[in-house]
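Below is one structure, written out as structure tokens; the observations come after it.
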Amino acid sequence: MEMRKESTSEAPQNDKNKGIGIVILVEDKDRIEPSEDAKALSTETGFPIVTQAAVTRATSPKKGAKRDKRTTTTPFLSADALWQLVYTAEGLSLRLSNEPSWGDIRVDFASAALNYRKLHGGGRNEAIAKAIGIKGKTSLSVIDCTAGMGNDSFVMASVGAEVTMLERSPVIAALLEDALKRAQDIPELAERLSLVKSDAYDYIAKHTSGAEKALADVIYLDPMFPHKKKSALVKKEMRAFQQLLGADMDSTELLELALKHAGSRVVVKRPSYAEPIALQSGRKPDTEITSKKHRFDVYIQH
């Protein structure tokens with residue numbers, strides 16, 4: 001099945017994050033002025049660009065010495081700028097100002113960790129690959145309704161699927177878009193991964209209105225869920241996204257819609273301890289694929 005290929009923004013992306021306090025900071029030493037990317041991101045999201053400037057600070061003088069004035073470079077950050085989208089030499093990063101120990105959160109499709117998983121993760125024998133049913137197929141179209149950091153999309157693309165990532169958060173979408181630009185020298189990713197900045201429910205409803213064909217072979221959901229308890233084992237990215245976005249409260253409605261428009265199956269990723277999403281129809285998953293920490297609930301289209 002041939003899936004529509006897009007890399008666009010289909011809806012206003014800044015409403016979800018109004019009032020949180022997000023700024024765009026250009027920190028890359030090679031960029032004296034805000035880059036065109038930063039300007040475009042500011043225009044699209046409404047987040048202000050914060051530049052670095054020289055600030056003169058007076059240090060406390062030693063007894064009998066002249067007052068010393070030193071000029072340092074520091075960013076002017078507003079008091080409510082809890083989140084910072086920072087253009088660094090390594091790429092666009094997300095920082096949480098009250099969690100400096102977290103460091104930079106960045107999507108990197110060329111990272112050593114993802115490359116190792118690609119080479120040694122099991123390929124089409126991975127749980128997620130089995131769940132989407134790609135084994136034995138030369139091509140498979142997948143819509144990832146909840147792209148997040150893009151890790152699952154990366155794995156699905158690396159085993160041969162053509163993946164459209166949907167992301168409604170302008171912050172996360174910006175990280176994904178920057179990562180895709182940096183991954184252009186990885187041919188298989190550039191050909192198989194695309195991004196649409198849109199709410200998944202709105203996207204599916206828009207592109208299936210009056211349509212007779214299925215939107216994609218597989219529709220994939222990974223709803224954000226509240227963790228059972230705070231734990232150092234919960235990745236910083238997940239903790240950051242939960243603070244930024246909260247839990248997904250519309251997963252039931254999205255699953256109901258996905259079941260109407262997937263060609264072969266719908267796959268829902270769940271924590272191993274969680275029950276399947278409760279549907280009004282009472283339908284249960286047709287099968288499940290388990291990994292160490294997660295379970296993939298698979299709904300087969302009959």
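Quick reminder: no glycine exception, Cβ is built from N, Cα and C everywhere.
All annotation found in TrEMBL is predicted automatically rather than curated by experts.
Annotated features in TrEMBL:
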BINDING   E167, R168, D222  S-adenosyl-L-methionine binding site
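Within 10 Å of the Cβ of R168 (S-adenosyl-L-methionine binding site) there are 23 other Cβ atoms, across all protein chains.
The record assigns E167, R168, D222 to the S-adenosyl-L-methionine site; their largest pairwise CA distance measures 13 Å.
The S-adenosyl-L-methionine site is defined by E167, R168, D222, and by the 8 Å test on Cβ atoms against their centroid, the other residues of the chain that qualify are D144, C145, T146, A147, G148, M165, L166, S169, I172, A200.
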